[in-house]
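A.B. asks: I am attaching a structure below and will ask some questions about it afterwards.
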Amino acid sequence: MGLTSQLIPTLVCLLVCTSNFAHGHKCDITLQEIIKTLNTLTARKNSCMELTVADVFAAPKNTTEKETFCKAATALRHIYRHHNCLSKHLSGLDRNLSGLANTTCSVNDSKKSTLRDFLERLKKIMKEKYSKC
């Protein structure tokens, strides 16, 4: 009986430690996948890269990271659903960003940028986030 009572705190500690590790590991994998896709897309010479997209990064400074990811996913979704361009890569980015955001949002279309500039800025943000992960 004494052995069981001594094991309980150890098991709880292991459970907490592994859940933190798994959470951080998922963050790494998702960000790596996003960055890899962004590297692939931004290296392409494709006319789709000149399409205009809502500039969600021109949002106010008090916008949360989750809101930014949600708006970026929404803007990408608009591109690949309305244009037959880079659908496989953009839908994958949409899925990964939506997973990081875990919310729904709307996008203000008043400011625009090219898809290339949008993806370059998103890549910079993701690399900064990855360096902190």
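Quick reminder: no glycine exception, Cβ is built from N, Cα and C everywhere.
Straight from Swiss-Prot, here's the annotation block:
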type	residues	note
DISULFID	Cys27-Cys133	disulfide bond
DISULFID	Cys48-Cys85	disulfide bond
DISULFID	Cys70-Cys105	disulfide bond
CARBOHYD	Asn62	N-linked glycosylation site
CARBOHYD	Asn96	N-linked glycosylation site
CARBOHYD	Asn102	N-linked glycosylation site
CARBOHYD	Asn108	N-linked glycosylation site
SIGNAL	1-24	signal peptide
A.B. asks: Would you count the other CB atoms within 10 A of the CB of Cys48 (disulfide bond), including those on all shown protein chains?
C.D. replies: 18
A.B. asks: Sort out the sequence-distant neighbours of Cys105 (disulfide bond) for me: same chain, 6+ apart, CB within less than 8 Å of its CB, listed by position.
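C.D. replies: When sequence neighbours closer than 6 are ignored, Cys105 (disulfide bond) has Glu67, Cys70, Lys71, Thr74 within Cβ distance under 8 Å.
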A.B. asks: List, in sequence order, the same-chain residues at least six positions removed whose CB sits under 8 Å from that of Asn96 (N-linked glycosylation site)?
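C.D. replies: Expected: Thr30, Glu33, Ile34, Thr37.
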A.B. asks: Which ones in the same chain are close to Asn108 (N-linked glycosylation site), with CB under 8 Å and 6+ residues apart in sequence?
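C.D. replies: The answer is Ala54, Val56, Ala59.
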A.B. asks: Between the disulfide-bonded residues Cys85, Cys133, whose Cβ has more other Cβ atoms within 10 Å than any of the rest?
C.D. replies: Cys85
A.B. asks: Cys48 (disulfide bond) to Asn102 (N-linked glycosylation site): how many Å between their Cα atoms?
C.D. replies: 28
